[in-house]
Amino acid sequence: MSKFIDIAALDDIPRRGARVVKTPQGCVALFRTADDRVFALEDRCPHKGGPLSEGIVHGTSVTCPLHGWVFDLNTGQAQGADEGEVRTFIVCLDGGRVLVDASFLSGRSAA
Amino acid sequence: MTGRQKLVVIGAGMASGRMLEQLFDAGADFDVTLFNAEPRGNYNRLMLSPVLSGEKSYEQIVTHDAGWYAAHGVDCRFGEAVVKIDRANKVALSGSGGVPYDALVIATGSAPFIIPVPGKDLPGVCTYRDLEDTNAMIAASLPGSKAVVIGGGLLGLEAAAGMAARGAEVTVIHLMGHLMERQLDPAAGYLLQKDLERRGIRIHCKGATKAILGKDRVEAVLLEDGTVYGADLVCMAVGIRPEVRLANDTHLHVGRGITVDDQMRTSDPAIFALGECVEHDRQLFGLVAPLYDQAKVLAATLLGQTAAFQPVQTATKLKVTGVDLFSAGDFADAPGREEIVFRDPGRGVYKRLILDGDRLIGAVLYGDTADGSWFFDMIKQGKDVSGIRDTLIFGPAFAGGPTANPLAAVAALPPEAEICGCNGVCKGRIVTAIEGGATTLDAVRSATKASASCGTCTGLVEQVMALTLGAGFTANTNPAMCKCTDHTHEDVRRLIKSMALKSIPAVMQELGWKTGGGCASCRPALNYYLIADWPTDYVDDRQSRFVNERNHGNIQKDGTYSVVPRMWGGVTTSAELRAIADAADRYAVPLIKVTGGQRIDLLGIRKEDLPAIWTDLNAAGMVSGHAYAKGLRTVKTCVGTDFCRFGTQDSTGLGIRLEKMLWGSWTPAKVKLGISGCPRNCAEATCKDIGVVCVDSGYEISVAGAAGMDVKETEFLCKAVTEAEVMEIIAAFTQLYRENARYLHRIYKWVAKVGLEWCRAQVEDPGTRRALHDRFMLSQSIYQTDPWAEHAGKPADWAPIADLTLRAAE
Ligand code: SRM
Ligand SMILES: Cc1cc2nc3c(=O)[nH]c(=O)nc-3n(C[C@H](O)[C@H](O)[C@H](O)COP(=O)(O)OP(=O)(O)OC[C@H]3O[C@@H](n4cnc5c(N)ncnc54)[C@H](O)[C@@H]3O)c2cc1C
Ligand code: SF4
Ligand code: FES
């Protein structure tokens, strides 16, 4: 069974925006969509390392701020003609609190 | 008779143009002389409305050009009215003499009705019939000007919407209780009124005009009830009457129109007539569909073939982008008639069907007109609808099964269903043309004429093409803004204004965005358009901004940021330099660099340090330099009169004052200025977005330079004598750019599209210039704030939300 760590309140993340969590394996971006769903992805674009947390969030996608690659928040897959993927992590929402899988601490990827 | 038959045609309008086409297509051998009172040949009169609203240009609506007339040997007498017909000698007389005829065609159309009120002849009163009227309205529709349209029918509303789209404040005065009462029932009229009011058009129903007031030109309209509406222009669109003066003078038989028989012959066997000037079987005509049928019949008659004109039912659509309205048949209440009504106020949809026994005899659709042709077809066929009556109002999709495919409605149409009402083109003919090789919209248009007149069926024609061609079809449209919408940037900008859309969700909802939340390319553009158009209503959406504008710094390749404080006009002080040096030390700034914009850049700052370094720089009196913004960047200056031996004016001071006026404004793309003290131009003013070169007699203002991906010298805009004038002109020009350009177009790209002449006319007209200047200042009163100060107090938001590396170490 997974163990979850309470990170923050949902409202600490702007709608259609993201906040960063520092972890032993690098930064992870917690995204919040317009309809209040939360996703956790590695905050490092496979293209040239752009911080995805600074991208524009639209639907369940984010556009990298540096050169515009688009990633699906569900799968971490690059969309369209670009190829690459970022790691995704398990995150859940419990009564307005955002919880992340304890694997954040150990370095195991959820996907 | 020897030689070729001489055919004289009076009037180069929609009807005669079509008749000549039919004639030449059939290979007829006539010597044609074509007179037209307007100083031009045939054009698509219906499309004056898109010209008025700015969606099309006149050139795009010309139907027959000089080449066509030449190819068919037509002797064109444009700008020459026929004033008399000498029937005894068979000669048509104009100002330049007489032209003999064997056959004469009168196609003089209609004349707009002018209500006989005091003031009707004042300059500034126009009608809506031809290009001159349209141009008069365009010229008067400057943003902020006032226009009154008398008449809330089809034409009046198209005039009103067109002028409103150009920024005029429009009031419609309508005599009846609801708009378009001849085509709409009161409920649909009400919805239409609401829709137009939402676009900022004021509607005054039950309003009778008493007088048009004004001294040297129109100033206001006075109603019987005492209401007065200010007006820079008054458009009378209260109806038309057949242009029958020539026929009367010639003693042809004239009722309300020139009387014609089924072959379009008048009471003189050598004289024919067609179009809006005729009366057939006691009926007059005001839409093109029946006129095209007349054209066909008259061509046949002239060729000696037999044909008879039979009027068809017509359907009406209003050509106002964003308003979907359809009506056909008879929808008046009458004994024995029943109606089926569907309302969805939330979506603004209203549908009413009128049944007489088992037959559908009328339909009014508002808000969702996709099924219009299906209903129209049933009306014309007089089909028995009793079997599908309970689902009839839900249209063909329901009748044909529960499919939500938008093409289903078109797929369900039988081949004989009419697609193009104006030209009477049925689905089967379009399919045949496509199968015969017409695979583009243009090709289908030239093969069948479908969608070639009023254009409202273009979408339907494209759907028939999509159905017939399948994957081989790509719609022939201007590039859309992005994949989320089919609208172009220009359309979206116009609709935001005319429909008074004031939020991103409202734009996406009303303009039918295909994605839930837009994308990284449309959201920043919409955010900008809304800020620029509704400065006092709209609230900036930070999440719709690119990273640099959201974080107020340029993101670097390693995720750090740069910090560039404003240095007004490139001038600094030892105190500012000291504060910059201190900040650089405190935050271990890796690189301090003088930029190409006369200021200092601190590069490589961590995101979490930004609020703190801003606080320090704020404390020394410095604000953000917006080195990252689609907004005012820098105003480069040279030393000018204070020190330079050649300086003619205070270029440094002027630059500082301009930067203080302009900073903080959001613009479609970045804006940079240069102010040089003399033509030696040390501030490189002539490659900036806006440049000023000082000379002895004043200031030369030039615009539209570029020195980035393109390099281009500025173009001269105008000259100013005082500094105050320079400031006002530059504020006005910047506002013109803010209100009209598409997102990410620098000034030089925008000017290339709209033309420098137009820009100059706007800023040179004192009233327009002042209004633009005032709107700029209004926006600045809200947006000229330092983003650094705003965020300086909230360092927590800029740091990571949690740090699990510490926990792991435990
Ligand atoms: C800092 C500066 C270079 C310098 O060290 O001097 C600079 C730096 C950048 N410029 Fe520039 N430009 C700088 C002066 C210029 C100039 C010269 C000038 O302003 O006199 C030009 C040519 C003039 C012009 O704008 O037409 C210039 C033309 C561009 C362009 C091309 C724009 C175009 O429309 O063609 C871009 C790309 C863009 O905007 O899309 C650009 C974009 C950039 C960006 C923002 C690239 C980016 O998006 O990250 C650079 C940020 C670097 C960073 O990491 O912070 N920069 N850039 C200059 C800042 C000026 C200032 O004080 O604000
Ligand atoms: C703005 C606008 C929008 C419209 N929208 C639609 C629409 O969406 N759908 C629709 O079906 N209909 C629409 N109409 C109506 C349609 O344009 C007319 O039904 C059609 O143009 C009439 O054609 P016509 O040939 O009879 O006359 P016109 O097209 O008016 O042509 C008559 C020509 O004869 C000339 N003439 C007159 N007297 C003389 C003379 N003595 N000597 C020489 N020349 C002379 C006139 O200058 C004119 O150019 C619209 C009309 C306007 C003004
Ligand atoms: S020219 Fe401008 S955009 Fe290009 S590398 Fe230099 S600073 Fe960056
Ligand atoms: S680093 Fe993300 S697109 Fe280039």
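Just so you know, glycine gets a Cβ as well, placed from its N, Cα and C.
Listed in TrEMBL for this protein:
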- B:Cys638, B:Cys644, B:Cys678, B:Cys682: [4Fe-4S] cluster binding site (BINDING)
- B:Cys682: siroheme binding site (BINDING)
- B:6-278: domain 'FAD/NAD(P)-binding' (DOMAIN)
- B:315-382: domain 'NADH-rubredoxin oxidoreductase C-terminal' (DOMAIN)
- B:419-466: domain 'BFD-like [2Fe-2S]-binding' (DOMAIN)
- B:481-531: domain 'BFD-like [2Fe-2S]-binding' (DOMAIN)
- B:556-620: domain 'Nitrite/Sulfite reductase ferredoxin-like' (DOMAIN)
- B:629-765: domain 'Nitrite/sulphite reductase 4Fe-4S' (DOMAIN)
B:Cys638 ([4Fe-4S] cluster binding site) CB neighbourhood, other CB atoms within 10 A: 26
DSSP-assigned states of the domain 'Nitrite/sulphite reductase 4Fe-4S' (B:629-765) in counts, ordered helix, strand, coil: 53 helix, 36 strand, 48 coil
Ranked first among B:6-278, B:419-466, B:556-620 for CB pairs under 8 angstroms with the domain 'Nitrite/sulphite reductase 4Fe-4S' (B:629-765): B:556-620
Distant-in-sequence Cβ neighbours of B:Cys682 ([4Fe-4S] cluster binding site), under 8 Å, six or more positions away: B:Cys638, B:Val639, B:Ser676
Chain-internal residues, separated by at least six, CB under 8 A from B:Cys644 ([4Fe-4S] cluster binding site): B:Cys638, B:Gly677, B:Cys678
Counts by DSSP class (helix H/G/I, strand E/B, coil) across the domain 'BFD-like [2Fe-2S]-binding' (B:481-531): 27 helix, 2 strand, 22 coil
For the domain 'Nitrite/sulphite reductase 4Fe-4S' (B:629-765), mean pLDDT (0 to 100): 95
Other CB atoms, at most 10 A from the CB of B:Cys678 ([4Fe-4S] cluster binding site): 20
DSSP residue counts for the domain 'BFD-like [2Fe-2S]-binding' (B:419-466), split into helix, strand and coil: 26 helix, 4 strand, 18 coil
Remaining residues near the recorded [4Fe-4S] cluster site, that is with C-beta within 8 Å of the centroid of the site residues B:Cys638, B:Cys644, B:Cys678, B:Cys682: B:Val639, B:Gly640, B:Phe646, B:Gly647, B:Ser651, B:Ser676, B:Gly677, B:Arg680, B:Asn681, B:Ala683
Residue counts (helix, strand, coil, in that order) that DSSP gives for the domain 'Nitrite/Sulfite reductase ferredoxin-like' (B:556-620): 29 helix, 14 strand, 22 coil
